[in-house]
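Novice: Here's a structure for you.
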Amino acid sequence: MKVVVSIGGSVLAPDLDADRVADYADAIQSLDAQGHTLGTVVGGGPTARDYIGSARDLGANEIELDQLGIAVTRLNGRLLIAALDDRAAPTPAESYDEGREAIRRGDIPVLGGIVAAQTTDAVAAAFAEYVGADLLVYATSVPGVYDADPNEDDDATRFDELGADELVDVIADIEMDAGSSAPVDLLAAKIIQRSGIRTIVLDGTDPERVVRAVEDGEYEGSEILPEA
Ligand code: UTP
């Protein structure tokens, strides 16, 4: 199976703990050893937020902040590459083409951010679409798609399954509330909707959950089903 795994920065490197990155690399390598074709996308997490916060105080504009965020995602990408050793492409792919070429060579590409004004959620969806992935997995700190922001609303209920159209509606509603945390951003939801990629959003704090989701189809989270 061809699988793109999006690893949120807050699950890969919340505190730059080497063991955690090594555990993620082990999970990716075990899927690779099972014969799956893999692409990975890495987020910026708290380090990106810290840099963006400081630069905003210094008067940087939004595009400059995005560029800083992209740089941090690529730093996190280099951590994962270090842990994946010679199975990974040697540097974070800076374009979808570079990532696809790495897959064709037989390497595992690691992507960070690509262009300003989006997040790595959208990168993962676009890359999955570009390489014709069978499955897209978001390993995030939000364990699924909820009908409201679970950090704001105690009654928020998780969807076990939802259609891509429904995902777009739910994310649009959540994103209307300033400062709310959606499990994937709206651009990612729209790309998932148009491409019909089967997508799973799960709690990525334990990388083994990603392996179980891909290998056995077992996970706690939400599955986004392509529209009929
Ligand atoms: P993330 O993808 O990590 O943001 O990108 P996030 O989803 O808010 O955070 P986590 O990792 O899931 O917790 C960090 C920042 O990098 C810039 C944006 O500013 C984003 O907020 N970025 C990232 C881009 O501008 N373009 C990209 O393609 C990716």
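Numbers run from 1 along the shown chain.
Glycine is treated like the rest: Cβ placed from N, Cα and C.
Where the annotation comes from TrEMBL, it is an automatic prediction and has not been curated.
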Novice: According to TrEMBL, G44, I114, V115, A116, A117, Q118, T119, T120 bind UMP; which of D19, D23, D26, D66 is also listed for that site?
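Specialist: Of D19, D23, D26, D66, D66 joins G44, I114, V115, A116, A117, Q118, T119, T120 in the UMP site that TrEMBL records.
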Novice: Can you tell me whether DSSP puts Q118 (UMP binding site) in helix, strand or coil?
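Specialist: Coil, per DSSP.
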Novice: Hey, how far is S10 (ATP binding site) from A116 (UMP binding site), Cα to Cα, in Å?
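Specialist: That comes out at 20 Å between the alpha carbons.
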Novice: Given the binding-site residues G9, R49, T140, which one has the fewest other C-beta atoms within 10 angstroms of its C-beta?
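Specialist: Lowest Cβ count within 10 Å among the binding-site residues (G9, R49, T140) is R49.
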